[in-house]
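Q: So that we are looking at the same thing, I have put the structure below in structure tokens.
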Amino acid sequence: AARLSVQASRLVELPYSSSDDDDGSLAGDTDLPTAEQDPGARCPVPPKPGIFSQCVRYLAFLWNLLFLLLGLLALAVGVWGLLAKGSLRGERLAPLGSDPMLLFVLVGLGASTVSLAGCLGALRSSPCLLRFFVGAVLAFAGLEVLGGLLLLAARRRLRDALRDALLLCLLRYHEEPDLRFLVDELQRSLQCCGLGSYRDWETNPYFNCSAPGVQACGVPASCCLHPGQNGTVANTQCAFGVLRLGDAAAGAVVHLGGCVAQLGAWL
């Protein structure tokens, strides 16, 4: 009995077990936030892009940078043309919608805006800019496809509208410098003259044979087979008096065929 009482007194005097402390410390450790236990669990490090992804990224940036510069160039040409002709002044706002320079402005704005979004999206890896860029490119592609289908479906109406537009260009050849430039470039590149033939220029009041000027019974120099003199200097008088000649003699000086058929075939 005395031995049992001694063992009971020893059990009473024993401190708390260290295992309880260990359990408490373990429990306290488990109460710590997950981020303190593993800092990379909540904010994982994004994987490093591969070489192919980097090449595609920088290729997209350079490609869009090229089109951005081209768009800004077209925009600058359009604005310069409008300012040079005074189309942006108050008294010239009415014919602004029919000004060919306005096409350069619109094309430059559209191309530069989309290309800038592509550049910034590729450089900063911005999903919003890249979505806008891809959507704009798909929209342009859809408009091109739709325009091609409309051209195929309305070939005859387009030919008539093209003829009317070229006839208006012939009549206003001396009045609008932009139209004169476009007509000359068209006749030089397609090697044609007039609408159906070179004699269509007789409808122009300056080239009509009853006109009092030196250009009477003539056609623009862009109709000539050899518009240059000695291969270097442009001869602006190479087509004077062509309408007084017959077709055989005129064929040795100017192109006899019209531009409507040539332009339709090119389109």
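Each residue's number is its place along the chain shown, starting with 1.
Positions of Cβ are set from backbone N, Cα and C atoms, glycine also.
Automatic, uncurated: that is what TrEMBL annotation is.
Feature list, courtesy of TrEMBL:
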DISULFID  CYS193-CYS209  disulfide bond
REGION    14-41  region 'Disordered'
TRANSMEM  61-83  transmembrane segment
TRANSMEM  103-123  transmembrane segment
TRANSMEM  129-153  transmembrane segment
Q: Please give me the CB contact count at 10 A for CYS193 (disulfide bond), counting all chains in the structure.
A: 27
Q: What's the number of neighbouring CB atoms sitting within 10 A of the CB on CYS209 (disulfide bond)?
A: 11
Q: By Cβ distance under 8 Å, which residues at least 6 away from the ends of the transmembrane segment (129-153) in the same chain are close to it?
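A: Distant contacts of the transmembrane segment (129-153): 64, 113-114, 117-118, 120-122, 267.
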